[in-house]
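Written below as structure tokens is the structure these notes are about.
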Amino acid sequence: MPPLKAQLLLEESLSAYFPEMVFTDSGITVQLHRNTHPDPAKLQLKSGSALVMDVNTGKTLYQKNPTRVRPIASLTKLMTALVVLDARQNLNQTLTIDQNDRDNIKHTYSRVRMGTQVSRRDALHLALMSSENRMASALARHYPGGRQAFIRAMNNKARQLGMRNTRYYDSTGLSTRNVSTAQDLAKLLSAAYRQPLIREFTQDTSREMRFRKPAYSLMFNNTNPLVKNPDWDVRLSKTGYTDEAGRCLLMRAKPDRQELAIVLLNSVGKRTPVGDANRIRKWLKS
């Protein structure tokens, strides 16, 4: 058999079993990124709104009600962190938790005692990692011009990022008037990822904090269980929950060597965002 014909037959045979192979004059290469994506109709998520993007290509792989305006609960705290870092305030400055940081909206419980002194860095850490509301409140209260100036800065930042359907009324996310869309939150996720400290704090699985005046210690955990799963390779994440917002998850991760931006809003059930995230991963591998 002529050599050329034999080569063509070999290529045809290999292609049948290994469609990712590409044959060139210089040899065989493996095409790592296929031109096709899984069928969105085959992905059934329980979240009310969702958005999945390939970070490297900027391509939207899946969307569900991406422009629906919804309460966002503690996803708010990513914007809180951006405003704090944009202001370049001294992260070692001591903040004091007082009665103004008590939750008078939802009356949620906090283990952080009144009168606790904490550095701005640690307050930011706990607001992001464990979604500590009193810390997020104190960050806004200790901003130049106080809480109202902080809220204005949050909304100004949203406009700068092109988040046209987003409004903020407090720094914690307890207000049901804090609203956004999956589409807008993807922009927030991108901006937050450019801040190394936000990436560091949201990847942290747990941390023991030692407070002074009064002196006591508390262990805090990340509210996103996926940060403990190395298969997900979470690069940044934030969770949120109120009755009105449902369970929410904003995450950048690199499972199976594909870096993704994932927005999940208005999920019902404590484990639903994690379940939806795993459904997304399984769908992408199909």
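Placed from the backbone N, Cα and C atoms, the Cβ positions cover glycine too.
So that you can see what the record holds, here are the features copied from TrEMBL:
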DOMAIN    42-267  domain 'Peptidase S11 D-alanyl-D-alanine carboxypeptidase A N-terminal'
ACT_SITE  Ser74  active site, acyl-ester intermediate
ACT_SITE  Lys77  active site, proton acceptor
ACT_SITE  Ser131  active site
BINDING   Lys238  substrate binding site
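Classification of Lys238 (substrate binding site) by DSSP places it within a strand. Secondary structure from DSSP puts Ser131 (active site) in coil. Taking Cβ-Cβ distances under 8 Å and a sequence separation of 6 or more, the neighbours of the residue listed as 'active site, acyl-ester intermediate' in its chain are Ser131, Asn133, Thr172, Gly173, Thr223, Lys238, Thr239, Gly240, Tyr241, Cys248. For the residue listed as 'active site, proton acceptor', the number of other Cβ atoms no farther than 10 Å from its own Cβ, over all displayed protein chains, is 29.
Between the listed recorded positions, namely Ser131, Lys238, the fewest other CB atoms within 10 angstroms of a CB are found at Ser131.
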